[in-house]
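Comments concern the structure below.
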Amino acid sequence: MNRMGYYDDNVLGSLTLWPVLIGLGVLPSFIYLIASINIPETPYYLLRHGRKEEALDVLTELRKNEDESVAKQEVDEIENEIGDSGKVFGIVKILKNKQYRNQLIAVFALYANLMLCGVNNILFYSDLIFKEAGISADNVTFATIGVFALQFVMALIGAKFVDRFGGLKVTIAGSIGFIVSLTLFTVSQAMVYKQNSAVSSPLRTTADERLLTNGSAFASVTHSTFTAETTSLIASAQNGANPWSFVSVLAIGIFMVAWSGGTHISTFALLGELTIEPTRATCFSYGNAVMWTTSWIVSFVPPYLQEALGPYSMVIWLGLTVFFLVYMVICIPDTKGRTTKQIQAKFGGKTDSSASLGIVLTEVESLNV
């Protein structure tokens, strides 16, 4: 049975072949294991262990298109960031300090934005929306594969955008793409729902009763509510696909481009630039907890949102995306072309000029709230 509850004997996710599908996960892990042999240690790790020359060699190789002085300057900045203590600050110290606390909040916001844009909600609906758009049931899976292939291509392109424009600008651009996509999706689903209401309404009860006896609550509720409210027009006397369903497909395409080519790839680059060595491990640990919690929420609640809000179920993700976009614009400093001190000056409530004059304390010192 595939993600949307349809049976397809040609898919590895069948009752007999699902172990093969699970086992395929070994392949990319094995490829990474072999490729990782050639991945050097990070400059931060090398400098923490007193291996400055190796760190300089690594940075020189990574910055091969720039002057060697750039790598030396970066080594000096990392050494200042690490300091003499090499300590890792715990959550209590971070919460008590304004600069560190603002780092933590920024990390939480970026991790949450990655999931609360509704990415899992979009992915769970993709098969059914493609079917509504007139794609035959036999080709729906291939259309979905095409969407995921688009993710891979956009990730490669997105990496170039991050290098050129910086992580914050790309993340903001991704959020704008989410807003456009979710707005289009909501409008299209509202129009489909409006047209369906005028044509047919009895499918909901029948589908609910049938599917609730056959599968998981998630698959059954999702399929029954979404199908009853958005496919009755397709099943009606009208011939051909509903034009608004094509708008839904376009919305999905925009969303996946914005997520995989924007926010998904830029967020992790930005996180490393916003934190400093003593706070990074703690911020990332708690930030990952936020990410996986929000990921579970976005995976679990969509059927109930669909039941309660119908075609407007995506509005909650739209609202959260707008909230995080405003926060990023106001509270997160642009890291492109800025030094660590200048970035941390923003979190500490200082100006860039004061940072450049050395007024801002080094990142490893204990600042007063």
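Glycine is treated like the rest: Cβ placed from N, Cα and C.
Taken straight from TrEMBL:
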- 1-336: domain 'Major facilitator superfamily (MFS) profile' (DOMAIN)
- 20-39: transmembrane segment (TRANSMEM)
- 104-125: transmembrane segment (TRANSMEM)
- 140-158: transmembrane segment (TRANSMEM)
- 170-193: transmembrane segment (TRANSMEM)
- 246-271: transmembrane segment (TRANSMEM)
- 283-305: transmembrane segment (TRANSMEM)
- 311-332: transmembrane segment (TRANSMEM)
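Note on the domain 'Major facilitator superfamily (MFS) profile' (1-336): its mean pLDDT in the predicted model is 78. Among the stretches 20-39, 104-125, 170-193, 246-271, 283-305, the one making the largest number of Cβ pairs under 8 Å with the transmembrane segment (140-158) is 246-271. Between the transmembrane segment (246-271) and the stretches 104-125, 170-193, 283-305, 311-332, it is 170-193 that has the most C-beta pairs under 8 angstroms. Between the transmembrane segment (283-305) and the stretches 104-125, 170-193, 311-332, the greatest number of Cβ pairs separated by less than 8 Å involves 104-125.
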